[in-house]
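A.B. asks: Okay, handing you the structure first.
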Amino acid sequence: MELFRAIESNNLIQVQGLLAKGAWINKKDKTNNNNTPLHVAIKKNNKDIVGELLLPKWHVYVNAQNDDGDTPLHLAARDGHDNFIHLLLRQRARSDIRNKMGRTFIDVIRSQQDWMKMVFKKTSQSDIIPDDGVQMTVHEEATKDDATAITKLLDRGDDVNSQNSQQQKPLHLAANQNHLDMEAMGLFQAIEDRSLKQLKALLARGVRTDVKDNRNKGNTPLHFAIEKNYKEMVHELLLKKWRVNIDDQNNNGDTPLHVAVYKGRAKCIYLLLKRGARIHEMNNNGMTFISAIRNLKRYTEQPSLATEDIYWSALHEAADKGDTITITKLLDEGGEVDFKNNQLRTPLHIAAIKGHLEMVKVLIERGAMVNEVDKFKMTSLHYAAMKGYKKVVQVLLDKGADINSTEIKGCTPLYLAARCGRKDVIPILLNRGALIDACNFDKYTPLHIAITNEYNNVVQILLNKSADVNVNQLHNWTPLHIAAAKGLINIVEILLYKDAIIDATTKDNRTPLHIASYYGRKEVVQFLIDKGAAIDAVDKDNSTPLHLAVSNGHSEVVQTLLEKKANININTNNNWTTLHIAAKRNAIKIVEMLLHQGADIECTTSNKCTPLHIAAQNGRKETVQMLIDKGARMDATDSKNWTPLHHAVAKGHIEVVQLLLDKCDKNDAIKIDNHMLLNIAAQNGHSKVFLILHNREANTDVFTLIDKYSLLHNAATNGASEDIQVMLNKGANIKATDENWNTALHIAASNGHLEVVQILMDNDAEIEAANNDNMTPLYVAVLNGHNKVAQLLLNKKAKFDATQIHVAAANGHLEVIQILLNKGAKIDTINEECKTPLHTAAANGHENVLEFLISKGAKIDAPDNKKRTALFLAAENNMKNVVQILIDAGAAIEATNNYRRTPLHNAASK
């Protein structure tokens, strides 16, 4: 993609450099319409880059087509780049290729507004053919009203710039002889390009708007704009000042209104009707606008309507606008009052959504079904209630709307009104018989959702109408749980006044007090306790409200619970007390409160960890300091016989380690097993902690510890260059190996840590050391694609053979391959199966590597020991893009292997 970016930024020098390095000049950009670099350069109008790309040495494919079927010649013609057209034709660009619209490049030129200004410039007057007889043949062809006439001239090599005795060129004659008003035809191109500015300019110049494109069913520009669904273009053409005939018929007899129906362009239909389009015009099949709608049955059955986000009919459009005059006209002409769009909504749904009361009345009077449902099972009443249209709701109910119907999630109109806080609609629904406690599929009632969304007025209305205050939703949350979670003290008070159960439990066995404590709702917590809530109730984890408040750091709630005598020493299912939880959070203020209230500082979890263990394990320096100051034992051991110091070392918490070491040194009763701590630090790769401990016991043997795995390896893994240097200075063994015979250099090279590799090499690490798999540091660097490390090792005279370049090719490491080739590796070097790197790259689908190797002259049809070429392996592995690249580069598709199978056999078998 670098080549595309260089072209986009008009950087010729970078383009030249990338091509020289083997960038694939015919690569297609899948993210940009499958354009090639040549397409992009022409679109950018960069003459220097186009000229560079067309140089013979780069072997550019000038006839490549993008997703639209356009060649570079098409793009040059479309953008009026006559100099590019000349260059491309000189490079044997084919002039007869048609794009997906069926156009050759000459067709494209003819469609341009200013096409007659286009000329094909030659370098000298001597190129003009002097023989007048030849010139007449050329000019006679040009007078034909046929887009292929000029194409023929170009294909056979005739000079399209030659002049006859009247100084006329073939293109001039073609223009004069053309039977279409070419300037007016520019309207179609403006619409095709969606250029409103160009359209307005042409209209302002007075071009004919009734011109018809006989290559497209004789459509007028208005037909075409409707087909393309360019509403802004349609709107412009329908302005009265342009005097467009809105009832003009194409070759099929279709008016723009017919086309709008067939294509499902409801907004266009509405614009045409507002402009006065005649609805009784018949096409060649005897169909009027209304009969065309009836023939469609439903828009959802028409695949051609996929361009619309929501498929509308003219009825829906009128309902959306509240246009009762237009909808009455449509219904009088036979329009179906309950006609449905792709979301199965009727015009009545649309009117209800928009709150158009008069439209609702008209539709109902004309027979609209008030209980029709859309794809979401929503009735018009659902929408009106949800939107809060009080009068619309009343009309729908008066006309028999089902007040308790449920939509796709089980919600009634009352539920939706409560969810949206429609306090004016809710009394109407309740007074007309809406079920106040009807729940949706999540078991939420209108009261649940009103509290959730904090609509206090709605809650008050529902409670005054005796809504059930103890109903459970899906997870057994009552309205009181929700109000407690939200901190809605007024609603909590009302709910308790209405006899809500104060200690009702959820599926997790949590009471409203648990919930309020969890969310830090101090005022609600105070109120619930005062009203008799169980302060030490436990949930499924045996957690009390105090546990939950501590776990979320709500110090004010903790203070309230402690003042209300909550039990601070209750254990959870894992034997965690509130002090353990506070220590883990580093909640100093809460730790202090709990200790002040008498929390057991030496309480233990199921693993016999004290709060000090937990604080040390999580690196909570401040909490560690406080607990020690309050008398916590630093030599307390857990189930692994580890002290808090062991945990701090294992986690690499340097500050906590240093603090505990300082504290232990001041206590003669505490003995530190420094060697064990060194083991733990080494095993967990904490080199800085290791060095702190090592300074206490200067024994170089500790650098090589358990399982022959050294701290040096750990530091190399983590790229800790400073630590590596310190360890080496202290005598660490640079030749130490792990159980797989990897040295620290292997580890650093494998992880791409360039600085560490440099330090190790400067300290005489063995560059050719081999591990159990006979891999050297260079091999593992190549394997993992660390090109800078590979470069460094090669500069340090690391040895290489065919293996490395094959490994790089197999893994798609292009930069590594380039480095190896620069260091003398052979591009066609073979492995034990006689495969070249090209074979390896092809078999593994690495397109960039493949393109590079081809550009550097790799033998494209070299056989392996089974006579398989790279193309054979690509086909065998179903690498379609690789196959295409190889074929484009000239790979032999008939080459056979030992079993006389060709790549085509392999492809066919997949």
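Just so it is clear, glycine is given a Cβ too, placed from its N, Cα and C backbone atoms.
Features from TrEMBL:
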| type | residues | note |
| --- | --- | --- |
| REPEAT | 68-100 | repeat 'ANK' |
| REPEAT | 252-284 | repeat 'ANK' |
| REPEAT | 313-342 | repeat 'ANK' |
| REPEAT | 475-507 | repeat 'ANK' |
| REPEAT | 508-540 | repeat 'ANK' |
| REPEAT | 541-573 | repeat 'ANK' |
| REPEAT | 574-606 | repeat 'ANK' |
| REPEAT | 607-639 | repeat 'ANK' |
| REPEAT | 640-663 | repeat 'ANK' |
| REPEAT | 773-805 | repeat 'ANK' |
| REPEAT | 800-832 | repeat 'ANK' |
| REPEAT | 866-898 | repeat 'ANK' |
A.B. asks: May I ask for the residues of the chain that lie six or more residues beyond the repeat 'ANK' (508-540) and have a Cβ under 8 Å from a Cβ within it?
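C.D. replies: Contacts of the repeat 'ANK' (508-540) (Cβ under 8 Å, skipping residues fewer than 6 from its ends): 475, 478, 480-481, 483-489, 492-493, 496, 502, 546, 548-549, 552, 554, 556-557, 560-561, 564-567, 570.
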A.B. asks: Same chain, outside the repeat 'ANK' (800-832) by at least 6, Cβ under 8 Å from its Cβ: which residues?
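C.D. replies: Those are 21, 778-779, 782-783, 785-787, 790-791, 794, 838, 840-841, 843-844, 846, 848-849, 852-853, 856-859, 862, 864, in sequence order.
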A.B. asks: Hey, which bits of the same chain come close to the repeat 'ANK' (607-639), Cβ under 8 Å, at least six residues off its ends?
C.D. replies: 577, 579-580, 582-584, 586-588, 591-592, 595, 601, 645, 647-648, 650-651, 653, 655-656, 659-660, 663-664, 667, 669-670
A.B. asks: Provide the three-state DSSP residue tally for the repeat 'ANK' (313-342): helix first, then strand, then coil.
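C.D. replies: Its residues divide into 17 helix, 0 strand, 13 coil.
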A.B. asks: Same chain only, please: residues at least 6 beyond the ends of the repeat 'ANK' (574-606) with a C-beta under 8 Å from a C-beta of the stretch. Say none if there are none.
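C.D. replies: For the repeat 'ANK' (574-606), the far contacts come to 546-547, 550-551, 553, 555, 558-559, 562, 568, 612, 614-615, 618, 620, 622-623, 626-627, 630-633, 636, 638.
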A.B. asks: Would you list the DSSP helix, strand and coil counts for the residues of the repeat 'ANK' (773-805)?
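C.D. replies: With helix first, then strand, then coil, the repeat 'ANK' (773-805) has 20 helix, 0 strand, 13 coil.
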A.B. asks: If you run through the repeat 'ANK' (640-663) with DSSP, how many residues end up as helix, strand and coil?
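C.D. replies: For the repeat 'ANK' (640-663), the helix, strand and coil counts are 18 helix, 0 strand, 6 coil.
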A.B. asks: Cβ under 8 Å to the repeat 'ANK' (866-898), counting only same-chain residues 6 or more beyond its ends: which ones?
C.D. replies: 24, 26, 61, 833, 836, 838-839, 841-845, 847, 850-851, 854, 860, 904, 906-907, 910
A.B. asks: Per DSSP, how many helix, strand and coil residues does the repeat 'ANK' (475-507) have?
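C.D. replies: So the repeat 'ANK' (475-507) is made up of 17 helix, 0 strand, 16 coil.
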A.B. asks: Reported in the order helix, strand, coil, what are the DSSP residue counts of the repeat 'ANK' (866-898)?
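C.D. replies: Tallying H, G and I as helix, E and B as strand, the rest coil: 16 helix, 0 strand, 17 coil.
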A.B. asks: What is the pLDDT of the repeat 'ANK' (475-507) when averaged and given as a whole number?
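C.D. replies: Taking every residue of the repeat 'ANK' (475-507) together, the mean pLDDT is 97.
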A.B. asks: Report, as numbers and ranges, which residues of the same chain sit near the repeat 'ANK' (313-342): CB under 8 Å and 6 or more residues beyond its ends.
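C.D. replies: Cβ under 8 Å, 6 or more out: 266-267, 269-270, 273-274, 279, 289-290, 293-294, 298-300, 305, 348, 350-351, 354, 356, 358-359, 362-363, 366-369, 372, 374.
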A.B. asks: Looking only at residues six or more beyond either end of the repeat 'ANK' (541-573), which have a C-beta under 8 A from one in the stretch?
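C.D. replies: Non-local partners: 511, 513-514, 516-522, 525-526, 529, 535, 579, 581-582, 585, 587, 589-590, 593-594, 597-600, 603.
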A.B. asks: Give me the DSSP three-state residue breakdown of the repeat 'ANK' (68-100), ordered helix, strand, coil.
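C.D. replies: Split into helix, strand and coil, the repeat 'ANK' (68-100) gives 16 helix, 0 strand, 17 coil.
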